[in-house]
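Asker: Structure in structure tokens, see below.
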Amino acid sequence: MKNSKLKWLVTGSILNNAGISFIWPLNTIYMHDHLGKSLAVAGFVLFMDSITTLIGNFFGGRLSDRIGGYKTVLLGLFISIISLIGLVINHDWPLYAVFLVILGLGTGIIFTSVNSLATRVSGYDHRYVFNSIYLGLNIGVAAGTSIAGFIADINISLIFIANLLLYIAFLIIVLLFYKDIGAIPPQSDSKELNEAGDSRKGKLLVHVFIICFVYFVVWMGYVQWQSNISAYLPKYNISIKQYSFLWTINAILIILGQPLISLIIKKVAHTYKIQIYMGVTLFIFSFIVLIFSQQYIGFMAAIVLLTLGEMFVFPAIPAMINAISPSHAKGSYQSFVNMSSTLGRAIGPMLGGVVVEQLSYVYLYLAAIVLMVIAVLIFHYKLKQDEVRSI
């Protein structure tokens, strides 16, 4: 793949995530306020959306290895565009829920296939490639959530039209620039792996699942900010506008802080392991700060630590999985990455809500800290035991 193709992969990531961000912040509000459904019903629909996204993540990876990332992205876009056309035509109950769940399948396929295509980028260190994809994701999320509010104020039905137009633009980019990235499935190196024996393949899978477990736990903690913590802030007279500004800080730091993070990675975090250690440590400190936060400044400090943590961890996990996975199955292994984040986003709010209702927010923060410590200790011990030092 030519170096110039990376920019189109990142552009696709921006459009995909901007499109998703048009809908996801408004889902619960739309179902509850406009369609007259209970929060329990809305929550169930979002849970089913997560399930289909998980399925899409899995098949997106498998298909990328079998038919190539290009065709797989097209399949995901076809499913997404069909569901969005349905939403434009009819976004009343129950078709809204049906099309939303189908959209989850399409976007799940797209996410994994984009990661699979990223593994085939040449001319760059893959740490840089996945960091670029991560940056594109966040630019898309920031743009999508910002613009969606203005469009919804005009007419909420325009959200679905705008989302459809973004995916059509993404489709055009894929047709023009993605074909020579992943039109041909990766060549199998199964002979080499068979010669290495089942023991090596077994160890590889263990390493992958441990790395993905870290990702899953981190995402379970991260998503508390988007769910349970947002409901906690009014207790301290923190408005929705102030809460939204915390995510503005998050987006600004991610975009403007890249040179600093890149310098730290270059000078200090020479391996993916060190990068993950640093990121998870920042996540832990973020939740420690939350325990003692009773004023807005405390929550600002916590979101800064959280953002710095994600800037280390989120690009490092898929890059590390790419570094240790066989060339013929990189899509399948990337599907584990996306499935772990999807699962964390799906389960995190529910488990967090149970902890808060039965105990308190302090116990929620402590639980997040303990889980992250356990995950990173398992990660450290197992990879050290198997002498995985170079990644």
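Note that Cβ sites are derived from N, Cα and C of the backbone, with glycine treated the same way.
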Asker: Which residue range, 95-117, 302-324, is the one TrEMBL calls transmembrane segment?
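Answerer: Result: 95-117 is the stretch TrEMBL calls transmembrane segment.
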Asker: Have the transmembrane segment (245-264) and the transmembrane segment (129-152) got at least three CB pairs under 8 Å, pairs 6 or more apart in sequence?
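Answerer: In contact, yes.
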